[in-house]
Amino acid sequence: MGRFISISFGLLVMFLSLSGTGAKQDCLSDWSFYEGYCYKVFNEKKTWEDAEKFCTEQHKGSHLLSLHNIAEADFVLKKTLAMLKDGVIWMGLNDVWNECNWGWTDGAKLDYKAWNEGTNCFVFKIAKNHWSHMDCSSTHNFVCKFRV
């Protein structure tokens, strides 16, 4: 009887640890969870268009990074600083298809801004913690993001 209880308790502990809250388990392997979204830093340089295409191929609903508040920006900053040497990553913000009408590739509303004026695509300059316009044909590392 004691052995049965021990095994049952062990299975219960294993089940509870695997079930968790459910949210983090919906992230793919090597992706990080934050506030209902999964994020992954890619240390491979691509043009903005190629990076966005790559993100959409990773998971349904995945796009280049969109940022909506300073806390989210700080989370991404901490994730990328350790991995990337140049500290510049593509973001989903652009006006490639609709000049002067800025929007995120994931369709989210532009509700947080931190940039200098320039060209059609945006990068997040990690070391300076601000956004900057960049030529879309230049190559940079990137972060993909999707909603859990």
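Each Cβ is built from the backbone N, Cα and C atoms, and glycine gets one as well.
Just so it is clear, the model here is predicted, and its values are computed rather than measured.
Per Swiss-Prot, the features are as follows:
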- 1-23: signal peptide (SIGNAL)
- C27-C38: disulfide bond (DISULFID)
- 34-145: domain 'C-type lectin' (DOMAIN)
- C55-C144: disulfide bond (DISULFID)
- C121-C136: disulfide bond (DISULFID)
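Annotation note: C136 (disulfide bond) sits in a coil segment as assigned by DSSP.
Shown are the disulfide-bonded residues C27, C121, C136; the one with the most C-beta atoms within 10 angstroms of its own C-beta is C121.
Across the domain 'C-type lectin' (34-145), mean pLDDT in this model comes to 86. For C144 (disulfide bond), other Cβ atoms within 10 Å of its Cβ number 25. In sequence order, D26, C27, L28, W31, S32, H59, K145, F146, V148 make up the list of same-chain residues 6 or more apart from C38 (disulfide bond) whose Cβ falls under 8 Å from its Cβ.
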